[in-house]
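Per Swiss-Prot, the features are:
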type	residues	note
REGION	1-25	region 'Disordered'
COMPBIAS	7-18	compositional bias 'Low complexity'
DOMAIN	55-121	domain 'Death'
REGION	144-176	region 'Disordered'
COMPBIAS	149-167	compositional bias 'Low complexity'
DOMAIN	213-499	domain 'Protein kinase'
BINDING	219-227, K240, 348-351, D364	ATP binding site
ACT_SITE	D346	active site, proton acceptor
Amino acid sequence: MSGVQTAEAEAQAQNQANGNRTRSRSHLDNTMAIRLLPLPVRAQLCAHLDALDVWQQLATAVKLYPDQVEQISSQKQRGRSASNEFLNIWGGQYNHTVQTLFALFKKLKLHNAMRLIKDYVSEDLHKYIPRSVPTISELRAAPDSSAKVNNGPPFPSSSGVSNSNNNRTSTTATEEIPSLESLGNIHISTVQRAAESLLEIDYAELENATDGWSPDNRLGQGGFGDVYRGKWKQLDVAIKVMNYRSPNIDQKMVELQQSYNELKYLNSIRHDNILALYGYSIKGGKPCLVYQLMKGGSLEARLRAHKAQNPLPALTWQQRFSISLGTARGIYFLHTARGTPLIHGDIKPANILLDQCLQPKIGDFGLVREGPKSLDAVVEVNKVFGTKIYLPPEFRNFRQLSTGVDVYSFGIVLLEVFTGRQVTDRVPENETKKNLLDYVKQQWRQNRMELLEKHLAAPMGKELDMCMCAIEAGLHCTALDPQDRPSMNAVLKRFEPFVTD
């Protein structure tokens, strides 16, 4: 007897034995069809399942026919909900009940999905929903699951090495925290498959590399955990330790999925302008990701370095252009290296990291999503993710995801780099009602030289042409209509006359 059938049979036996339940309530719990689920509940359930991207596991578990699987896949490619189509087929054509769906979720260990529909099944089945998060030691002995998570749900966060989400909540060393494999059906073998060519590092080595997680080696602290400087195998590394401080189980799952997302994509794409991931550790006290240490800090920090207590020299015009060029190359690689474009989703100065030679590398891959097959196509997603002030209006307002999202974000970065202003800065006093983009548009028409960073000598000759080319590219990248934005390849072609490497 299958796991689904076993759960149903046990529930039915318990219902028959329970004489205190009313006949009408028992009848509802056992026979309510999936198609009768209230629309808000169904919408929430589909959004959750789509975020986990588990429709293939669901289809496999119930043995849908190949043509039905193809039908679901086709709906997903059109930007529609794959989970909703699964429910249409399995719940509609075959008239399955909510209780059967609950049993299916139990079999695949989709515990949060079980919670979403628990009010529509017998209370006797509620005992199958785990009350607490399993610990690392419990999961190490747990069997593998065929369910997997391909893309974490689109919640905004800063999960890169820069760890720009500065949540100062503390945690103790003995606190029980979930590992990468403990939530969202991410098991050890799933993580290891995603990191096939990546080194799995012994936790004790990382503990030793950081002098026992010494506070002196801590580079930053955020909502997802802490980042430490370490010396491992004679390499200077940055080690991100996952603490998952949120008390909310759903939020813990989001954080875990984003960590898995980062592991999956940083391992599968290698480029000079994409942050190098050296290895991972999931069998010790806390899950860890190990990166190349970027000694130059973030672009955001360098752009504000003149305001620091120990100020650094302002980046030169040529350095600003080189950083912009390298970032553009990294984004172009993400968009074109695979059959399906990868959309970073959170391009901003805080996620552009610099090595000791000021060469840029894009970090924070927790929000990367696979986009539509074509570079100029659009897919509608369930939630907006990323840093909103860097996101285009069609994504913020209508959740329309395309490579144009990254292009727009890069355009804002270009304007920040060459004007020396942050997107959140107030523009000059007589222009207080204008944001950075509106201000640049106005000055571009009236007095272009006023736009340039004031902490540097005014550029001249070819250097001036280079700066104006970059600002103009920033304006084109931030066009309101995504169809008017250039591709990253077109941006690189604009930069070609000024490339010296």
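Cβ atoms here come from the backbone N, Cα and C positions, even for glycine.
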Secondary structure at A350 (ATP binding site), reduced by DSSP to three states: helix
Other C-beta atoms that fall within 10 angstroms of the C-beta of K348 (ATP binding site): 25
Three-class DSSP secondary structure - V227 (ATP binding site): strand
Entry from the binding-site residues list L219, V227 having the most other CB atoms no farther than 10 A: V227
DSSP-derived structure type at L219 (ATP binding site), helix or strand or else coil: strand
Spatial separation of D364 (ATP binding site) from D346 (active site, proton acceptor) - C-alpha basis, Å: 8
Largest tally of Cβ atoms lying within 10 Å of a Cβ, found at which of the recorded positions Q221, D346, A350: D346
Other CB atoms, at most 10 A from the CB of D364 (ATP binding site): 27
For the domain 'Death' (55-121), residues assigned helix / strand / coil by DSSP: 50 helix, 1 strand, 16 coil
CB contacts for G225 (ATP binding site) [other CB atoms within 10 A, all chains]: 26
Mean predicted confidence [pLDDT] for the domain 'Death' (55-121): 87
Where D364 (ATP binding site) falls in three-state DSSP terms: coil
